[in-house]
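Student: Sharing the features that Swiss-Prot gives for it:
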REGION    66-74  region 'Lipid binding'
REGION    78-101  region 'Lipoprotein lipase cofactor'
SIGNAL    1-22  signal peptide
Amino acid sequence: MGTRYFLVGFLILLVLGFEVQGAHVPQQDEASSPALLTQVQESLLGYWDTAKAAAQKLYKKTYLPAVDEKIRDIYSKSTAAVTTYAGIITDQVFSVLSGKD
C-alpha cells in the first residue's frame, strides 16, 4: 500500500515538473507587473488543475472496492473506540473535579 502512495506522489511531481519546464515566461518590464502576477497566478492554478486531474485519473484507475470497504470499516471501528475512551476519560475528569469518591 505504501508503494501506491509513493507512485501517486512521484507521478504528481513528475507531471508538475514537466509542466514547469514547458512554461517559460520571458522577462517583462516592471510596468506590467500586475499582468505578470496574474500570469503567475493563472499558471499556478493551471498546474494545480493538471495535478488534480492526474491524481483523480490515477485514483480512478487504481480504485479497489475491497480496500475502500476495509478503510471504511477500520474508520468506523476506530471512531467507536475513540468515542468510548473519550467518554471514560470525561467521566474520570468529572469525578476528580467534583471530589466525589
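Numbers here mean position along the shown chain, with the first residue as 1.
From the backbone N, Cα and C atoms, a Cβ is placed for every residue, glycine too.
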Student: For the region 'Lipoprotein lipase cofactor' (78-101), how many residues does DSSP put in helix, in strand and in coil?
Tutor: 21 helix, 0 strand, 3 coil
Student: Over the region 'Lipoprotein lipase cofactor' (78-101), work out the mean pLDDT and round it to an integer.
Tutor: 91
Student: With DSSP as the reference, give the number of residues of the region 'Lipid binding' (66-74) in helix, strand and coil.
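Tutor: Its residues fall into 9 helix, 0 strand, 0 coil.
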